[in-house]
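A short write-up of the structure that comes next.
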Amino acid sequence: MIGVTVLGATGSIGVSTLDVLARHPDRFRAVALTANTDAERLAEQCRQHRPQYAVMVDPAAAQRLGELLADMPDRPEILTGVEGLEQVSSLPEVGYVMAAIVGAAGLRPTLAAAHAGKRVLLANKESLVVAGALLIQAVADSGAELLPIDSEHNAIFQCLPPNFSDGLAQVGVRRILLTASGGPFRDWPLERLSSVTPEQACAHPTWDMGRKISVDSATMMNKGLEVIEACWLFGTDTDHVQVVVHPQSVIHSLVQYDDGSVLAQLGNPDMRTPIAHAMGWPERMDSGVTPLDLFAVARLDFQEPDFARFPCLRLAFESARAGGTAPAVLNAANEIAVAAFLDRRIDFPGIAAVVEGTLEALPPESVAGQGLEFLLDIDRRAREQAERLVLERR
Ligand code: NAD
Ligand code: MG
């Protein structure tokens, strides 16, 4: 029986994870569930999954959770703060940690799980973007496992040979083809983009996700973050990762080999597939996902990405090439800009403008030999700068 901590249990990935977990009660049990502020939802989840620990990051919400669970027999111990998240990520009775918090807020608990030698099921791509070197080193030092949940990276992992960490060139891989849906505005006239509302940006054509990643998909920053994520996970660089727009979201990514072979992973767009894959690996297990019907799909289309329409994708490639602190600055500025867009404080094109302005104001510095505190300081400075740029745009 494998104990599982679900960081971000109340979110889109968290809910899908608990669905998969509940299908295999003989194999997994929830040890800890965490959320930021949604005490009502976490209380329901605690009653259903009976974890030993529940973490509400917000202290007032933690108190509320205590009240909601007051009558529950064997109620979970309630913890709070980032310390609570780190604690439940490194418990001895936990084997797997699902890292499904959104944004750089997921970094500390994800690192804690890596240091503690857990199987880290990584949905929180922002941790790798901000602190890729630290996270990969922590995994190597502790003997943890890092399995990708992001559908594209999970697909690539499935298409690579088991010894891919010897180096992609070494195992005959020429490049990685990272698919992207192109989001809801792929075909919109450019001049209409300034009128995009948060509701339109969050209505993704093929995936049902949290609000931040939905906006990231609409700007294609999500694909940019995923290029950086792929470089860390598979030990490669941006010259070996190509973005391919594929509107149907049926092919989740591909790997091109030296002999001309291209391997792809296909499936319906449902995150329970990569979640079940990573939880069951190296075995396969039921995920509850409807089998793919190729006749219903009928056709698969592919296009080159349009860097003029999607400046965030260009900025992410530039940040990946610049390296050092650039990806952390990119990520922090994007988190601020997306939140400002969702609050209707800036327009949709303003997201890329704020990110670009922040990158210009904070030129890349080396991260060699630097630790977490240095990166968190850069993250804080980039957020402050991005907030200033948001105010200037109003
Ligand atoms: P979501 O907004 O639906 O859920 C986010 C979760 O994180 C919630 O449980 C929330 O309580 C928690 N959270 C938010 N802020 C927090 C904070 N400051 N401290 C602690 N916890 C906090 O997001 P999601 O769509 O489930 O995405 C989660 C992560 O998975 C993101 O990094 C996203 O990029 C990645 N991801 C999601 C999908 C998807 O289909 N939703 C696909 C691939 C990758
Ligand atoms: Mg993805």
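The backbone N, Cα and C atoms fix where each Cβ goes, and this holds for glycine too.
Curation plays no part in TrEMBL annotations; they are all automatic predictions.
Gly11 (NADPH binding site) is surrounded by 24 other CB atoms, counting those within 10 A of its CB over all protein chains shown. Taken from TrEMBL, the feature NADPH binding site applies to Thr10, Gly11, Ser12, Ile13, Asn124, Glu126, Gly210.
Residues annotated as 1-deoxy-D-xylulose 5-phosphate binding site in TrEMBL: Lys125, Ser151, Glu152, Ser181, His204, Ser217, Asn222, Lys223, Glu226. In sequence order, Ser181, Gly183, Pro184, Ser214, Ser217, Ala218 constitute the residues six or more apart from His204 (1-deoxy-D-xylulose 5-phosphate binding site) in its chain with CB-CB distances below 8 Å.
According to TrEMBL, the Mn(2+) binding site annotation covers Asp150, Glu152, Glu226. Same-chain residues at least 6 positions away in sequence with a Cβ under 8 Å from that of Glu226 (1-deoxy-D-xylulose 5-phosphate binding site) are, in sequence order, Lys125, Asp150, Glu152, His153, Leu178.
Per TrEMBL, domain '1-deoxy-D-xylulose 5-phosphate reductoisomerase N-terminal' is recorded for 4-132.
Taken together, the residues of the domain '1-deoxy-D-xylulose 5-phosphate reductoisomerase C-terminal' (146-234) have an average pLDDT of 96. TrEMBL lists 146-234 with the feature domain '1-deoxy-D-xylulose 5-phosphate reductoisomerase C-terminal'.
Residues or ranges marked as domain 'DXP reductoisomerase C-terminal' by TrEMBL: 266-384.
When the domain '1-deoxy-D-xylulose 5-phosphate reductoisomerase C-terminal' (146-234) is classified with DSSP, helix, strand and coil residues number 46 helix, 11 strand, 32 coil.
Same-chain residues at least 6 positions away in sequence with a Cβ under 8 Å from that of Asn222 (1-deoxy-D-xylulose 5-phosphate binding site) are, in sequence order, Ala180, Ile213, Asp216. Ligand 2 lies under 6 Å from the Cβ of the following binding-site residues, listed in sequence order from Ser12, Asn124, Asp150, Gly210: Asp150. Only Ile13 of the binding-site residues listed as Ile13, Glu152, His204, Asn222 bring a Cβ under 6 Å of any atom of ligand 1; the order follows the sequence. Sorting the binding-site residues Thr10, Ser12, Asn124 by the number of other Cβ atoms within 10 Å puts Asn124 first. Within the set Thr10, Gly11, Ser12, Ile13, Asn124, Glu126, Gly210 that the record links to NADPH, no two Cα atoms are more than 18 Å apart, and one pair reaches that distance. The full span of the recorded 1-deoxy-D-xylulose 5-phosphate binding residues, Lys125, Ser151, Glu152, Ser181, His204, Ser217, Asn222, Lys223, Glu226, taken as their largest Cα to Cα distance, is 19 Å.
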